[in-house]
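Take a look at this one; I'll ask things after.
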């Protein structure tokens, strides 16, 4: 196991609910569209190409660390990278998102989904090793989409607001649903294991769309598969913090915590103090500035940051973050000011 | 006041938490894209034209009543109809939604928004009168978008996932925000009053996007304006039930009830039994079948309908509905089967 367990990292300390002098902060999608240096290196490079080129992954992952002084790097990748790596024909179309050439809707299509081998994502292992060499004491967070969100893209054939076919299959053909999600959980688990083996210090399992489900459906159809992913990481590297996040999941936080997260990501709809109560004293929380507020005047934004830090102090550990990804129209200077302010507000 | 207060209507009885032998059911967006007869009459007719033509409004509103046997009609309209009626240049583009030619982002633009007069929506009054004559004992539900959702369209210039400019203005220029919402509340209130005066027996205030807000922001920036709309209706016609609905509003239900609703619409994420507890014994609930499940096999769907009716029995009154609008790909026969089943499950 090559994972560094630097006790110097405020990010890892907060994830482990250990005392830390500095409140850690990073931003979901910090490596991306809001940075001019990102747009420069991506010029003319398709998204999936960028996600498969170690030098580009490394450069893009490092950009926000250099510019913003965040306490963690997050691997530049995309939720569909492991799907493409097992041979699924998926493309990332600008302005649309993932488009799957042949949507997965029957037993034959599910049976055709093969497991992920470390070799399939050699470009990721290489990038993680390059990153760890560059990052020094700054931890790298590994990243994967969760089974439900991956399944939704495969079944719908692309982004969906209603997830109607996904839910219809889940309820109408539960055995097929569970078979699909078991395969996706194995892929996501292996994808995270590869990143940890190469040096990632923490992982985030990102279930973008889980908030579209009722708690009952989440428990029956999703939680067992997300738990399998997190268990794979826990067995391979018990010391590695496991962050679990989805948008609009206020009603799912206890279940997402119980699925094996050690840190629960929270969006802006749920105050961190309320989240801390439902996820319990044995989990840290991460969040939860509304990314829209980065477009508001600084005094308003600063007040929000202070409120969130005060609410985060009610949790066993608090990693400051947004409640969703950085919006493309964000001024990076506002992100830098947020980092500075969070660093001036040590944990209580 | 020409409003009929038929005590024969199961829909009105359930809204008023009075005993009724039959559990009432209607569907949000029942008058629309899932019906072939709707697509036929809309062929070549732009959406806003349809919303301004009394004969088309009447025909489209009646179609689902004829076909499905629902217990209420809901006025065929669109959330932007009252905005267009006060002279705002807004178009409904197929596949996109509302597009506002000149987004509203400063004091001059807010000051230019004039009040709605009954004359501005004569086509709506005419349609409501025609409908009431046709509908007999079946009540007609009037409809308006709520101030927050209207404001979001005006500020963003169209549909938005993040509502970033809206939230930035709300927090960054709160006085301007409140001025804008006060004007929109006056417009929405007048629009509902016109419908009630012409014969609508109930109203639904639809705050599509309110679920994007934290409870604190909702209380400060939205609730007072939605309350103003509902107060306008209550003062004009105290006996008319006031339904208030938004998607993903599990964390806002108490506030939406307190804003002056007599019936609180609930999406599928919140069990009706839990909703009933938070909105209290002096409000009915409406909901909450996940529209995606209309695409599932009938036995699965039937089980969901039974579960929802059992949970609805925990409320002081239950109007069966979806947890969001009918999806265009829905088979109308499934809607008809749901109506029949709900009618076989009388309130406890």
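Counting starts with 1 at the first residue shown.
Using the three backbone atoms N, Cα and C, a Cβ is placed for every residue, glycine included.
Since the structure is predicted, the reported quantities are computational estimates derived from the model, not experimental observations.
Reproduced below are the annotations present in TrEMBL:
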{"type": "BINDING", "residues": "A:29, A:30, A:31, A:32, A:33, A:78, A:153, A:208, A:324", "note": "substrate binding site"}
{"type": "DOMAIN", "residues": "A:24-33", "note": "domain 'Uroporphyrinogen decarboxylase (URO-D)'"}
{"type": "DOMAIN", "residues": "A:141-157", "note": "domain 'Uroporphyrinogen decarboxylase (URO-D)'"}
{"type": "SITE", "residues": "A:78", "note": "site 'Transition state stabilizer'"}
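Give me the local environment of each listed feature.
Neighbour list (residue A:324 (substrate binding site), Cβ cut-off 8 Å, at least 6 residues apart, same chain): A:28, A:247, A:267, A:268, A:290, A:291.
For the domain 'Uroporphyrinogen decarboxylase (URO-D)' (A:24-33), DSSP puts the residue distribution at 0 helix, 1 strand, 9 coil.
Residues in the domain 'Uroporphyrinogen decarboxylase (URO-D)' (A:141-157) partition by DSSP class (helix H, G, I; strand E, B; coil) as 10 helix, 5 strand, 2 coil.
DSSP classifies residue A:78 (site 'Transition state stabilizer') as coil under the three-state reduction. Cβ environment of residue A:78 (site 'Transition state stabilizer'): A:47, A:48, A:51, A:92, A:98 lie under 8 Å away, each six or more residues apart in the same chain.
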For residue A:324 (substrate binding site), what is the secondary structure by DSSP, using just helix, strand and coil?
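The residue in question, residue A:324 (substrate binding site), is coil (DSSP, three-state).
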Most Cβ neighbours within 10 Å: which of the binding-site residues A:29, A:33 is it?
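Answer by Cβ density within 10 Å: A:29.
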Among A:29, A:30, A:31, A:32, A:33, A:78, A:153, A:208, A:324, recorded substrate binders, what is the largest CA to CA distance in Å?
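Greatest Cα separation within the listed binding residues comes to 23 Å.
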With every protein chain in view, what's the tally of Cβ atoms within 10 Å of the Cβ of residue A:153 (substrate binding site), excluding that atom itself?
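The answer is 26.
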